[in-house]
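Below is one structure, written out as structure tokens, with a few remarks after it.
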């Protein structure tokens, strides 16, 4: 028996599908990498469950700003992306979505995120402005900065001081320590990501940590993972205790060992898989932190 033919998409459905592709809706790993450290900071700042209001603000805000960042990044990189097999089919690169459309969509998403931040307090709103500025600057960093992943690390870590500010009305030293640790994590996983496109980026004259580090890429990635986990462990030890916290950090080290087996040959497939799986490391630490507070 033949199946009924699928109904053709309406113009509106086709446009929506392109916009969802532009913001990587079907690839949640990007916003999950942002979400888990932000939620971890929120739990630590609140000493447990932060309440539904702040949980909603930071979860939705993270997704919206990551989506806005994708729009900005694809506009900035459109002339390079067409020469890279992995990115050549992106909607802005192919012309399926115009530059103007992408910028308008990015602006709308950023404004929605800002509307959420307006429900918090003045210091959180101020930090969000700095976060937006860094987000706008990052796509251009790879043209001028040898380690643009460090710029991304700052951008991806801004949710941490924002979380503390939203809960406490101030940003304590602990927040900056966690942000520093998170910076090393971003350096680790985004260098893995950069290793996927290293040959293309060299040909295009771009700058990435994978190119800058050369054959030191894998050892430095492992050192960055180590710095991330150790900084978070030491910084959080006075605040988060218990067996679940210890188990979570032990599992994090186990995941790093697994990632090493994926990237040691420097194959594109292995490096991309390691990058895509990194959000599980963040999730593991978040569960250890949130679970430890819940079991008190």
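Positions of Cβ are set from backbone N, Cα and C atoms, glycine also.
Quantities reported herein were computed from a predicted structural model and do not represent experimental measurements.
Record features (Swiss-Prot):
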type: TRANSMEM; residues: 29-49; note: transmembrane segment
type: TRANSMEM; residues: 52-72; note: transmembrane segment
type: TRANSMEM; residues: 103-123; note: transmembrane segment
type: TRANSMEM; residues: 151-171; note: transmembrane segment
type: TRANSMEM; residues: 176-196; note: transmembrane segment
type: TRANSMEM; residues: 220-240; note: transmembrane segment
type: TRANSMEM; residues: 243-263; note: transmembrane segment
type: TRANSMEM; residues: 275-295; note: transmembrane segment
Check your understanding: Who are the chain neighbours of the transmembrane segment (275-295) in space, where the CB to CB distance is under 8 Å and they lie at least 6 residues beyond its ends?
Key -> 28-29, 32-33, 35-37, 39-40, 43-44, 47-49, 185, 188-190, 192-193, 196, 232, 236, 240-242, 244-249, 251-252, 255-256, 259, 262
Review point. Out of 29-49, 52-72, 103-123, which stretch touches the transmembrane segment (176-196) the most, going by CB pairs under 8 Å?
Key: 29-49
Point to revise | For the transmembrane segment (103-123), sequence-distant contacts whose Cβ falls under 8 Å of one of its Cβ atoms, 6 or more beyond its ends | key: 19, 22-23, 53-54, 56-57, 60-61, 64-65, 67-72, 75, 132, 162, 165-166, 169-171
